[in-house]
Amino acid sequence: MTENPQTRATTISSTIENIPPSIGPLMKVLISMIAPLYWSAAFPYDGTINGFSLTKGVFRKESQVEFPTGEQLRITHIARGLDADGILWFDIVINGFVPESLASSDINLQEFMETYIQTGAGQINAWASPTFTKDGHFLSLRCNHTVEYNPTLGRQAKNAQRLQVNSIRSSYLPDLEELQFQLSASLQGGLNGGACPVGFVQTGDSYCADIDECDLRRPCSHTCQNNLGSYSCSCPAGHVLATDNRNCRDLDECRLGSHQCPSGQECVNTPGSYRCLLRCGPGFRPNAEGTSCE
């Protein structure tokens, strides 16, 4: 790690060993694997403090990573502090799924911003949407983090801190079975001077509490999922989100060609589904059940 006061950033290089070739290429996109490292070492300015200054290198961090294709991954980090040589030790446990298509793809991670919110004594929540290119196409992950540490160590200098991650490079070396990351990281105050951001409200003890938009405003026509600082809407089978990302509209399987009606039967769209009716000759029509012509 190298700090540069001129650029207000810390350059971090990380090597993870003993990663077998069967999974190594899939892990190049998992920048969240070293989130405790860049949070601990990020260069602080604008009145902020980094993770190591706050926790002394002893904390537990839970991360959930969701891919655009639906796969989810949970990463548990347990930071155990510095050893006699000044090396920060932490354990990593990974459980979940990564899209197999990433193994044979050209992956490039883009710069991103993580927001760290003090939600209680010894409790911090964070989120980010890292973007990467896969064979030239831009895709985004959705990452949520929770950090727990000794509450007697105090709190962030500001309720909201933003962590900027730049110049990211990742590679897997199959001959050495090594996964390598390099990046630069810096901390700054939130957009509104470090106060609770949109989607949060300040509590009586001056922490930030997430607003449950689903319960407060009921913004979705069907299913609402409260997220940290935000919310998302989803639809039942046979429906898709409209362009406003709040209301659901019927999915016309017949028009899209996604139905499974056999040859000789006609697809008729219905709300949330479709029916397969016999295709009858001139002068005939399907009966009410669609099983014969009359």
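Backbone N, Cα and C define each Cβ position, glycine as well.
Reviewing Cys208, Cys220, Cys224, the cysteine that TrEMBL connects to Cys214 via a disulfide bond turns out to be Cys224. For the domain 'EGF-like' (210-249), the residues of the chain that approach it from at least six positions outside its boundaries are 115, 117, 119, 125, 127, 144, 197-201, 271-273, judged by C-beta separation under 8 angstroms. In sequence order, Cys220, Cys224, Gln225, Asn226, Tyr231 make up the list of same-chain residues 6 or more apart from Cys214 (disulfide bond) whose Cβ falls under 8 Å from its Cβ. DSSP assigns Cys224 (disulfide bond) to a strand segment in the three-state reduction. Mapped onto DSSP helix, strand and coil, the domain 'EGF-like' (210-249) counts 5 helix, 16 strand, 19 coil.
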